[in-house]
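For reference, the structure is listed below as C-alpha cells.
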Amino acid sequence: MTVGDITPNKEKGSGRSKHVADEKAPLLPKQQDEDAVHDEFSGASFIGAVFNLSTTIVGAGIMALPATMKVLGLILGIALIIFMAFLTDASIEFLIRFSKAGKTTSYGGLMGDAFGKYGKIMLQICILVNNIGVLIVYMIIIGDVLSGTSSSGVHHAGVLEGWFGQHWWNGRTFVLLISTIGIFSPLACFKRIDSLRFSSALSVALAVAFLVIILAIAIFKLISGTVVMPRLLPDVTDLTSFWKLFTVFPVLVTAFICHYNVHNIANELKDTTQIGAVVRTSLASCSIVYIMTSFFGFLLFGDATLGDVLANFDTDLGIPHSYLFNDAVRVSYAAHLMLVFPIVFYPLRINIDGLFFPSASPLPQSTTRFAFITSGLLILIFLGANFIPSIWVAFQFTGATAAVCLGFIFPAAVTLRDRHVISRKDRMLAIVMIVLSVFSNMVLVYGNAISLLKNQ
C-alpha cells in the first residue's frame, strides 16, 4: 500500500494499458471505485478541494507574518510572500508532473518511484515529525488562548478565565480534553478528506473574519489619526540589522507548505485534471489573505508588532470596546485552529499506516486499524500538548526541518533525479529550491540555538 493511496492494489492489466495509452489521462491517475467505503462517493467538487487545500496552507503561521513586515518593510515583505507562492506552485507542479509520469497516486509512491523504499520511508518520517509537531503546537496555542499560560513566568489570562474567573472546568487540561473528545475526535473519524470540506470552509471563513477585524480596527485608527505610516523598506543600519533580515526566511519558506495533502485531495476530485487549478486558486487566495493580514497587522501595531501578532491582542488597542475585539480575535483564531486540526491529521494517519503497515489493505477498509491509529495519535498529541514542557523547543528544530523537506527539498530532489527524463529544463529551479531551503534551516537552527543559550 502506498502512502495516501486509497486505490485498491489489484488492477486489471487491460484497464491499466488503456489508461497508459490514453492521451487525455489526468494529471494523477484516477482511482478505481472498487473500495466499498467509496461506493456512493462520486468525487469531490472543485470548491471543496480548494477549501481543503487552503485550510492546509493557512494554519498558525499566519500570525507570524505581520512581524516579517516589521523586519523587511512592506515592499520587500509583500514581494517575498508573492515569490514564495510562485515557488510553492512550482514545487507542487513538480509533484503532479512526476506523479503522472510514474503513474503514482501518492507523495510516498512518488518518492518510492524516484528513490526506492528508503525514499518513501524518509518521506513518511518527515510527515510524521512535521504533522505531529504542528498538531501539538496547535493544541498548545488553543490551550493558551482559552485557558491562559504562565510559560514565560508571567501569567496571561485565557479567554475563559477572563470571562468566568479561574475554575477547574476552564483549566488547560480539562479544556483540551473536552476539545479532543468533542471536536477533534469526531472530525478525525472521517475516512475521506472531502468530508471535511464544510469544516474547512468555516476555517477559511474564520481566517477571513480575523482579517476583517484587523482591517476594521486599522481603518478606525487611520480615521482617528492614531496610526503611523508603516516602514516600506528594511531599516539596515549595521551588520546585526542586516543579518536580522534573514531570520524571517523560515517563516516565509514554510508559510505555504501543503504538499503532503495534494495527492489526497487530487485522488478524490471528480475530475483529477483540475488539481492544478485547485492548487493555483488556493495559493492565490491564501496569498491575498497573507498580504492583507501582514499589511494591516503591521499598519495597526507598527514597530510594536510582536513575533506572534496574537499577543498584541492581549493589550488595550486604544479603541472603544477594545477587549471585546481582543476576545473576538482570540476566539476566532482558536476555532480556526480546531478546524485546521483534522486536515493536518488526515495525511498523518495515512502515512503512519503506510509506515507501519505497508502491506496491509487500504486503511479505510479496516475499521479496527483505522480506529486504533486514530485514537493512538489523538492520545499522543493530547499528552504532548499537556505534559511535555520542552516539546515546543524540540519541534522548533525538527518541525521546520521536516516542513522544508516536504515542501521544497523532496520535490526538487525528485526533479533532479528525473527518473523518467521529462524535466531537464527545471534543474536550475530545483537547485534554487534546495539552496533556499537549506539556508532557511541553517538560519532557523542558528537562531534557535542562540535563543536557547541566552535563556540558560
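Cβ coordinates come from backbone N, Cα and C, glycine included.
Positions annotated as region 'Disordered' by TrEMBL: 1-25.
What TrEMBL records for 8-25 is compositional bias 'Basic and acidic residues'.
The domain 'Amino acid transporter transmembrane' annotation in TrEMBL covers 44-447.
The transmembrane segment annotation in TrEMBL covers 46-65 (among others). If you look at the transmembrane segment (46-65), the same-chain residues 6 or more away from its ends with a CB under 8 A from one of its CBs are 81, 134, 137-138, 141, 193-194, 196-197, 200-201, 203-204, 207, 210, 251, 254-258, 260-262, 265-266, 268-269, 271, 274-275, 277-279, 281-283, 285-286, 289-290, 293-294, 297, 307-310, 333, 336-337, 339-340, 343-344.
Annotation source TrEMBL lists transmembrane segment at 71-96 (among others).
Nonlocal intrachain contacts for the transmembrane segment (121-142), taken as residues 6+ away from its ends with a CB within less than 8 angstroms of a stretch CB, comprise 3, 59-60, 107-108, 111, 115, 176, 179-180, 257, 260, 334, 337-338, 340-341, 344-345, 347-348, 351-352, 354-355, 377, 380-382, 384-385, 391-392, 394-395, 398-399, 402-403, 405-406, 410. Per TrEMBL, the feature transmembrane segment maps to 121-142 (among others).
Summarising the annotation, TrEMBL assigns transmembrane segment to 173-190 (among others).
For 202-223 (among others), the entry in TrEMBL reads transmembrane segment.
Per TrEMBL, the feature transmembrane segment maps to 243-262 (among others).
If you look up TrEMBL, you'll see 283-302 (among others) marked as transmembrane segment.
For the transmembrane segment (331-348), same-chain residues at least 6 beyond its ends with a Cβ under 8 Å from one of its own Cβ atoms are 4, 52, 55-56, 58-60, 63, 127-128, 131-132, 134-135, 138-139, 141-142, 145-146, 159, 179, 183-184, 187-188, 190, 193, 196, 199-200, 202-203, 206-207, 209-210, 213, 260-261, 264, 310, 377. The transmembrane segment feature in TrEMBL is assigned to 331-348 (among others).
The transmembrane segment feature in TrEMBL is assigned to 369-388 (among others).
For 394-416 (among others), the entry in TrEMBL reads transmembrane segment.
Positions annotated as transmembrane segment by TrEMBL: 428-447 (among others).
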Same-chain residues near the transmembrane segment (243-262), Cβ under 8 Å, at least 6 residues beyond its ends: 4, 52-53, 56-57, 61-62, 64-65, 67-68, 71-72, 77, 80-81, 84-85, 88, 91-92, 95-96, 107, 127, 130-131, 193, 234, 236, 275, 279, 282-283, 286, 290, 343, 346-347, 351, 400, 403-404, 406-408, 410-411, 436-437, 439-441, 443-444, 447
Distal contacts, the transmembrane segment (71-96) - CB-CB under 8 A, six or more residues away: 27-28, 65, 107, 110, 230-235, 244-245, 247-248, 252-253, 255-259, 262-263, 266, 275-276, 279-280, 283-284, 286-287, 290-291, 294-295, 298, 407-408, 411-412, 414-415, 423, 426, 429-430, 433, 436
